[in-house]
Amino acid sequence: MSGELSPIDKAKFVAARQAAEFVESGMRVGLGTGSTAAWLVRCLGEKVREEGLRIKGVPTSTRTAELARDVGLEVISLDEAKWLDLTIDGADEFDTELSLIKGGGGALLQEKIVATASDQMIVIADAAKEVRMLGGFPLPVEVIPFGWQSTQALVEEILISMDVMGRQATMRMNGDRPFVTDEANHIIDLHLSRIGNPRQLSMVLNQIPGVVENGLFIDICDKVVIGHSDGRVEVRDINEGTVTESQLDFVEDENLFRDI
Ligand code: 5RP
């Protein structure tokens, strides 16, 4: 490992480490995508190697699949698993009802399919991801490449009648070409600043024919595990209405951090 982890990475790491405690042998586990989810995958790899944890992981992207195999997790497809006990994933924003914006890493479609096919979804996040109202983070909308400009125009038109503050829609780029998802689609990012009615917006967006899915996750997340850079971790359970706090010792583990 080169140098110490940044405060934000420490926060992500402790959230992931705490969430890994919810994973039990025999479970089929959805593995999210992004930097926080990558910590989770590494923590699970460590538990497999050192504690004999036996799980089957269903990755939500090719990136996560690669990392999961690298750290020694057994990887299966969602079709092989059919249904999952638990999915653990990061988020770009979460609110007090545990509604989420996801898709900053471009994997929202597989992430939503996997989370929805799970008994339980746990979000892991650093404290900066908590917001009073969703929308500060641009909302990703996955669209099929065919006729994407017409789809974008329709999205912009429906935004006029939605309770949002901004209305700018931009095609996500990868260099000078549109970004391509694992499902060979594109992503349009909606710069809304504030989303007054996430449920309504999600339903209306998904009615546009070229839209495959959007990054609003409503009534999907059950728990959020919030990490802080000093090792404090808070677990909020929306179904139980409980909040628990703990303190994790932060010991930099050469084995866990070897690919950083
Ligand atoms: C990927 C996602 C990620 O969970 C989200 O972007 C958070 O990423 P990170 O943990 O790197 O902050 O939705 O599509």
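The backbone N, Cα and C atoms fix where each Cβ goes, glycine too.
What TrEMBL says about a protein is an automatic prediction, not a curated fact.
Of the listed candidates (Lys10, Lys129), TrEMBL assigns Lys129 to the same substrate site as Thr33, Gly34, Ser35, Thr36, Asp89, Gly90, Ala91, Asp92, Lys102, Gly103, Gly104, Gly105. Taking a Cβ cut-off of under 6 Å from any atom of ligand 1, the binding-site residues Thr33, Gly104, Lys129 reduce to Thr33, Gly104.
Between the CA atoms of Ala91 (substrate binding site) and Glu111 (active site, proton acceptor) there is a gap of 10 Å. Ranking the binding-site residues Lys102, Lys129 by C-beta neighbours within 10 Å puts Lys102 at the top. What surrounds the substrate site, by Cβ distance within 8 Å of the Cβ centroid and not counting Thr33, Gly34, Ser35, Thr36, Asp89, Gly90, Ala91, Asp92, Lys102, Gly103, Gly104, Gly105, Lys129, is the set Gly32, Ala37, Glu111 from the same chain. Least packed by the Cβ count within 10 Å, out of the binding-site residues Thr33, Ser35, is Ser35. Non-local contacts of Gly104 (substrate binding site) by the CB criterion (under 8 A, 6+ apart in sequence, same chain) comprise Gly34, Asp92, Phe137, Pro140.
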